[in-house]
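Colleague: Heads up, here are the entries from TrEMBL:
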BINDING   A:H38, A:H79, A:H129, A:H167  heme b binding site
TRANSMEM  A:29-51  transmembrane segment
TRANSMEM  A:63-84  transmembrane segment
TRANSMEM  A:110-134  transmembrane segment
TRANSMEM  A:154-175  transmembrane segment
TRANSMEM  A:195-214  transmembrane segment
Amino acid sequence: MNSSTITLHAPAKTKTQGRLDVLQMISGVLLILFLWAHMLLVSSVIIGPGVMNAIAWFFEETYMAQVGGPLIGLLIFVHFLLAARKMPWKTSESEAFIKHSVMMKHRDTWMWLAQVATALIILVMAFIHMWVVLTDLPITAVKSAARIQHGGWLPFYLVLLPIAESHVGIGFYRIGVKYGVITADNRNWYKRKEYALMGGFIVIGLITLVRFMYLPLYSGM
Amino acid sequence: MQIFYTDLLCIGAGLAGERVAVEAAKAGFDATCLSIVPPRRSHSSAAQGGMQAALGNCVMGEGDSPDIHFEDTVKGSDWGCDQEVARIFADTAPIVMREVAHWGVPWNRVEHGPATYYKGGKPFEAAESKEKHGLIHARAFGGTAKWRTCYTADGTGRSVLNTLDSMCLRYNVNIHDRTQAEALIHDGENCIGAIVRCLRTGELMAYFATATLIATGGYGRIYKATTNAVICDGGGQIAALDTGIVPLGNMEAIQFHPTGTVPTDILVTEGCRGDGGTLLDVNEYRFMPDYEPEKAELASRDVVSRRMQEHMAKGHGVKSPYGDHLWLDIRHLGEKHITTKLREVYDICTSFLGVNPISDLIPVRPTQHYSMGGVRTNKDGAAYGLSGLFSAGEAACWDMHGFNRLGGNSLAETVVAGRYVGKKVVEFLKGHSVDFKQSALRDAHAKIEERIKRLSGSSGKESAIVLRDEMQDIMMDYVGIFRNGKDLQTAVDKLEELHARSMNIGLQGKAIGFNPEISLALRIPGMIKLAQCTAFGALQRTESRGAHTREDHPERNDKDWLNRTLAYWKDGDSLPTLKYEDASPYFEIPPGERGYGGGKIIHADIPAEKLHVPESNASDNAASAEDTK
Amino acid sequence: MSRRLHIEVFRYNPLDPESKPHMQSFYVNEYDSMTLFIALNIIRDQHDPTLQFDFCCRAGICGSCGMVINGRPGLACHTQTKDLPEHIVLHPLPVFKLIGDLSVDTGVWFRDAGTRIEAWVHNDHDSFDPTQEEARMENALANEIFELDRCVECGCCIAACGTARMRTDFLGAASIARVARFYLDPRDERNVENYYEVIGNDQGVFGCMGLLACEDVCPKHIPLQDQLGIMRRMLALHSVKGILPKALIEKLAHKGCCHENHKS
Ligand SMILES: Cc1cc2nc3c(=O)[nH]c(=O)nc-3n(C[C@H](O)[C@H](O)[C@H](O)COP(=O)(O)OP(=O)(O)OC[C@H]3O[C@@H](n4cnc5c(N)ncnc54)[C@H](O)[C@@H]3O)c2cc1C
Ligand code: HEM
Ligand code: SF4
Ligand code: SF4
Ligand code: FES
């Protein structure tokens, strides 16, 4: 509010901005939890396609996939709306920020830029991914493997995987910072944990992809 | 030209300026503060130690009272102070400490129970009382009978200045930073404002004010080695002196500190020596015991400074691109002690000198530290000579410090005088309306404009930078800690010549808008005048008192010199005109031994009626200078 | 030792219509214990007397000399040349209004921020009674307040903040830490609601994106990160009061700070 908008109405006290911040944080946390859970579920294929199929079956039988899937889509969209408030949409803003990052050579500053960049890619890719998976239920290991082996989806996932993981990893660290859980004292510890977590999930993801690549498509069904 | 109108114009927004402004603003007057830098950058922020006030809360301050504080102050001044003022100061100080506490200063507080303190480098135990728990604590400072220096960790100036600045915000004091007062507007009787140069655009502006306060701090920059900030160039004192009718008091009273660091002259605390640090010369030889067998490095500030100077003069100094210096050695105190008890020293050495005091020697030399003299005022803070002109803080010679101020007394003075003078200013504002004479404004403005024109013209051949360096060297070499007739005469002669040359300054570089070189060029002639007041006053004062030490006149001569120098500068003169007035209207404590420093005293016959506090000491002592010489 | 330093300085005089922003090189011999304060003064004294920069205390206490030194905001007076490479690049602090060359207007910026957050102790100043002893306070609390009062308003944290560079109305870490200072202070009678009004928005705590450049450049090591966290959590929880259970809010609000006994 400033002196020109104050003329429009008697200023009401509002808690909106605080609530939006909390919502953004909650949407972020839920998405983190989702992505990690999702990663673990998919990577169950490493143990064996049977395990993954069983889990998928469970989610579909309970309609968690059919309902949960779109809900996650919605959550991503809501998260996008909330986070978009902070994104440098104006060229002047993005230019300023990029110049700033170059000047500062400061890792946490670069990380935010990475988060914005990954966000835009996720926005497109996550919805494509969800559309493809959810319009072709049931989820089975073989179907996924087929997409990767013959559908040309491997490069798609090789991009989405690290991008999603870094977005989430950075987000996790920054939520901690913003809300004072990560303090000056334990910042380095958390940072190391964050890298380990990010790296760990990317490795698990890659192993999963490899597993899909070499999964025989006609056995086990 | 832009013209501002205000009730109170404070030239300077350090502790003193802001405190007076707050008082006026609280009383409903429009107050405006000018400052070269944003107020919180004023040099008050650099004072780390603390403020003296006889609260007597801590165990080492038990039984303290304003009487004892008063006595310490008078002794410290070597009986050069105005005792009426010192009394007002000592009595008001505790109230003011509480007042700023109410406004938000986070004073350190008493914590009951046993505590370990240091005295003379040795730890000892003392128990703080339970009844005093949570009240304002105090630490030790030199020259005091009790521990009474209130402090906030190592940043007392910072936190009190923050608080006062927040009060200025609260009471809507106008702050015009990056401005520099160049001249007072006056008609020979009333001061009605100032001509001011904007340091953003280089433009001149005028301020009309019913009351004008000079609170511009010290003028340490007339010396090369000074702990003062680079903006401590005496702008306010110069403006007062340039009127020709306002005198400066005791300009020869300059305090030096033994351990300013080289090259940037940042102060390191006395605690280094207190805890056992030693001074070494170029051969890493410990020389102080040769001069002062008993106390060695722990002799008083002025004595140690003098000995260091003497030793360097004999050629035992360490040569460096920044001039000669000596070494301070605290290596033997050990890493633990240095990084805990002397942490601030450790920080200064590592971040400014690139020296690690645990393994290296610290380069030090005696360094100008404080100016006791300044714009002479009466006890109400009103300057002599012009009605409506006030002064407070280090810029003023309110004169509670005489010839030597005690550590912790100057920072306290800024707020105590600020409050007291502030109330007097409010009384003045209530009782006065002034005629803002355009002719006075035009005169003052024309003078400054003319000077700027002359600088920018091509006639001037002298460089302001060269003149500054020469002046600073003269002051260091001839008007330092040890003074004698011959050196002082040399200084006076050389400064006279510099003064003449300063009429002929030309600019080296040209810039549209604000040009930093013009700032310096405008200031230099005035600074040379201040230097001359200092040198000439010192030459005339043929005695040793407090910080003023004459080798050729080692005794304190109360018979002839129990007085205050008043320096006037008549337009066109090349030397100040000196007059003298009694040091104090009466002597609540008659002149005597300080109890330290030694030295012979030539006693005075003081009339009996002057040896007690007069019944009606509230009566306004008129601000007329009496010629006692 | 004795290097020859190549100091490249940003030059621009906004008042001169002819002047264009450009970099100018100066060469200076390095001495022992040389700081940028000394180097810049040598340049002004010997090479170009019109060069604009700000120094005051030259001891790292006043905050005048913030500038961008080889890409990072810092105090020039407490930067030693021996810690820098031979080639030193100096820029004025971004975000603040440029006055000329290396000089920027931090004073007006901070004054404006101070007005916006009403940076003074809100109590009845007239209630001060000179005859009474001062209100008591725990020494630990006094130290904690002072810890935040040490800020010298140099502006480094603002200039280092990506958010402040994108959004000119962002109050920045120093202002938020200043509010935290008053929040800590029992003499300030404002409650959480009042603090929310001044910084509970995207120009205040919720605008901060946790980039921590502020924390990493602050020359006085003010605990900015921790205070930003504490204030954000406290005000965010305040905004959902009545939505989340009270007990939960109480529990989260006071984690990791000494505000337990604070009014809310
Ligand atoms: C390093 C150091 C440590 C110290 N430590 C202590 C201590 O521990 N205890 C103690 O009691 N004392 C100490 N002192 C002394 C004490 O700090 C000063 O005497 C005191 O702060 C002076 O305050 P002031 O308000 O008079 O002036 P300052 O704080 O110096 O303020 C001067 C103001 O005037 C302005 N100004 C100057 N010229 C002009 C002009 N021409 N036009 C407009 N504005 C102008 C400046 O911008 C500034 O705002 C110390 C001094 C130094 C140098
Ligand atoms: C739809 C596309 C997405 C966009 C446009 C987007 C955008 C952003 C942006 C700009 C931020 C930074 C916000 C800030 O700094 O305040 C952010 C934070 C975050 N994002 Fe995303 N994101 C997207 C999808 C996702 C997904 C799919 C996940 C997880 C599965 C996720 C997890 C996070 C987390 C945990 C944060 C930190 C939250 C916070 O700082 O409050 N995001 N996102
Ligand atoms: S918080 Fe630190 S960086 Fe920011 S203005 Fe204060 S001292 Fe400077
Ligand atoms: S933590 Fe907040 S205030 Fe600090 S630099 Fe980052 S966005 Fe700016
Ligand atoms: S000049 Fe004061 S902080 Fe650098």
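Positions of Cβ are set from backbone N, Cα and C atoms, glycine also.
TrEMBL does not curate its annotations; it predicts them automatically.
Keep in mind it's a predicted model, so treat the numbers as computed, not measured.
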Colleague: Can you tell which of A:H38, A:H167 has the least company, meaning the fewest other C-beta atoms within 10 angstroms of its C-beta, among these binding-site residues?
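Modeller: Output over binding-site residues A:H38, A:H167: least Cβ neighbours within 10 Å is A:H38.
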Colleague: Looking at A:63-84, A:110-134, A:154-175, which one has the highest count of Cβ pairs under 8 angstroms to the transmembrane segment (A:29-51)?
Modeller: A:154-175
Colleague: Note the Cβ centroid of A:H38, A:H79, A:H129, A:H167, the recorded heme b site, then list each other residue of that chain whose Cβ lies within 8 Å of it, in sequence.
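Modeller: Apart from A:H38, A:H79, A:H129, A:H167, the close residues are A:L31, A:F34, A:L35, A:I72, A:I76, A:I122, A:A126, A:A164, A:V168.
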Colleague: When the number of other CB atoms within 10 A of each residue's CB is tallied over all shown chains, which of the binding-site residues A:H79, A:H129 has the maximum?
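Modeller: Buried the deepest by this measure is A:H79.
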Colleague: What whole-number value in Å do you get for the largest C-alpha pair distance within A:H38, A:H79, A:H129, A:H167, the residues recorded as binding heme b?
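Modeller: Of all Cα pairs among the recorded heme b binders, the widest measures 18 Å.
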Colleague: Using a Cβ-Cβ cut-off of under 8 Å, list the residues of the same chain that are 6+ residues beyond the ends of the transmembrane segment (A:154-175) and lie near it.
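Modeller: Answer is 25, 28-29, 31-32, 35-36, 39, 111-112, 114-115, 118-119, 121-122, 125-126, 128-129, 148, 181-182, 190-191, 194-195, 197-198, 201-202, 205-206, 209, 213.
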Colleague: What kind of secondary structure is A:H79 (heme b binding site) part of, going by DSSP in three states?
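Modeller: Looking at the DSSP assignment, A:H79 (heme b binding site) belongs to a helix.
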